[in-house]
């Protein structure tokens with residue numbers, strides 16, 4: 001009977017491929033047995049079939065009983081924070097793309113429709129990238145959590161009460177605003193680099209016209225787009241970890257150190273790529289009359305430009321080191337009282 | 001106010017869940033297929049939903065308490081389950097635990113409820 005086929009199909013569809021055939025045969029046998037019991041002599045009516053299927057229950061519930069356990073890409077424990085992070089990331093993308101769009105329109109007012117189409121296209125592309133990255137990050141964290149805490153899919157792994165995490169010291173707690181700001185900043189930075197690097201530069205408003213002189217060469221940056229994307233995703237991942245754990249831990253510290261060093265290496269590679277800086281920056285400044293045409297002033301400006309572009313990486317390195325030292329210091333400051341506190345236990 | 005009968009039903013189904021496994025194991029010294037097991041248990045006063053029993057049989061097989069074989073000689077192919085050696089040992093152990101459990105429950109219920 002067609003109804004039975006549909007029921008069995010609905011159950012079996014939600015089960016692993018290898019078990020389907022066996023369970024299908026078993027279910028057909030069961031349903032026929034149940035029908036036979038209802039009307040041993042006559043062929044079962046549609047009503048009989050409906051009642052038997054009702055008795056067996058909803059196909060999804062039936063399939064869940066066969067599976068024995070539920071599986072998630074992102075488990076319910078993490079789903080709420082996943083939703084919030086998705087919202088934050090998408091809002092940050094919308095915000096930064098809108099900033100790029102507005103600046104684009106001001107700099108080149110003529111083809112506003114083109115800008116708008118560009119804006120929509122990149123919004124969809126950046127939005128779906130953001131969505132995918134956040135989902136991947138969460139699935140990854142969830143997978144790690146399952147492996148760490150749940151051995152072979154159950155909670156049978158031995159634990160001792162000594163493993164219980166301490167109730168976080170208020171000092172070690174991370175305020176929610178910190179990772180949220182971190183996500184927004186990371187997304188802004190990534191989006192502007194990926195979609196609007198040509199807009200970073202000097203602007204000149206003149207007779208209602210705006211001319212921009214880009215500081216960097218967007219073609220060169222274009223070659224590194226995937227790396228920028230991955231770095232941005234890792235940056236968001238760090239903030240997501242903070243949102244989930246909500247306190248300073250060694251894992252987060254190590255992640256932060258690795259990511260900062262990775263960022264530093266990437267910055268060094270990027271800044272050393274020939275043609276990264278717009279070599280015509282100074283002559284373009286001269287052309288709009290912002291830089292002196294020659295003489296000592298120009299030579300000074302030239303040497304400043306030279307010094308900045310050649311030494312920027314050292315400044316970035318210095319700031320990275322300062323940041324790392326302060327993070328390590330913060331972490332140690334939290335550790336110390338905890339350990340001395342343990343000796344004065346009441 | 002919560003309905004007394006309804007609450008009892010809810011708690012009772014929780015209570016029964018574990019006993020079903022003992023009931024199923026008790027009847028599988030000789031091979032049986034799922035639906036015949038439903039009727040046998042019914043006769044003995046243990047009602048079990050086939051939608052619960054069938055997945056349970058598979059689970060017990062996966063835990064190596066039962067083994068199964070398809071009988072295709074009859075008009076309708078049926079999967080027969082029977083206790084394994086391991087299943088037998090587990091069953092007798094469970095029975096022992098069950099007797100202890102019921103004995104201590106008797107005492108508790110007698111004291112508190114009687």
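We count from 1, first residue shown onward.
Glycine too: its Cβ is placed from the backbone N, Cα and C atoms.
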Task: A:202-219, A:220-237, A:274-291 - the one TrEMBL records as transmembrane segment - done: A:220-237
Open item on the list: Labelled transmembrane segment by TrEMBL, one stretch among A:88-107, A:148-167. Can you tell me which?
Closed with: A:88-107
- [ ] With a Cβ cut-off under 8 Å, give me the same-chain residues at least six positions beyond the ends of the transmembrane segment (A:180-200) that come close to it.
- [x] 85, 88-89, 91-93, 95-97, 99-100, 103-104, 107, 122, 126, 130, 212, 214-216, 218, 221, 225, 228-229, 231-232, 235-236, 238-240, 242-243
- [ ] May I ask for the residues of the chain that lie six or more residues beyond the transmembrane segment (A:220-237) and have a Cβ under 8 Å from a Cβ within it?
- [x] 85, 89, 129, 133-134, 136-137, 140-141, 182-183, 186-187, 189-190, 193-194, 197, 255, 259, 262-263, 266, 270, 273, 275-276
TODO: Please give the sequence-distant neighbours of the transmembrane segment (A:304-326): residues at least 6 beyond its ends with Cβ less than 8 Å from one of its Cβ atoms.
DONE: 256-257, 260-261, 263-264, 267-268, 271-272, 277, 281-282
Task: Remote residues contacting the transmembrane segment (A:249-271) - C-beta distance under 8 A, at least 6 residues beyond either end - done: 221, 224, 227, 231, 234-235, 237-238, 241-242, 309, 312-313, 316-317, 320, 323-324, 327-328, 331
Open item on the list: How about long-range neighbours of the transmembrane segment (A:88-107): same chain, 6 or more residues beyond its ends, C-beta under 8 Å?
Closed with: 115-116, 118-119, 122-123, 126-127, 130-131, 133-134, 180, 183-184, 187-188, 191-192, 195-196, 199, 203, 210-212, 236
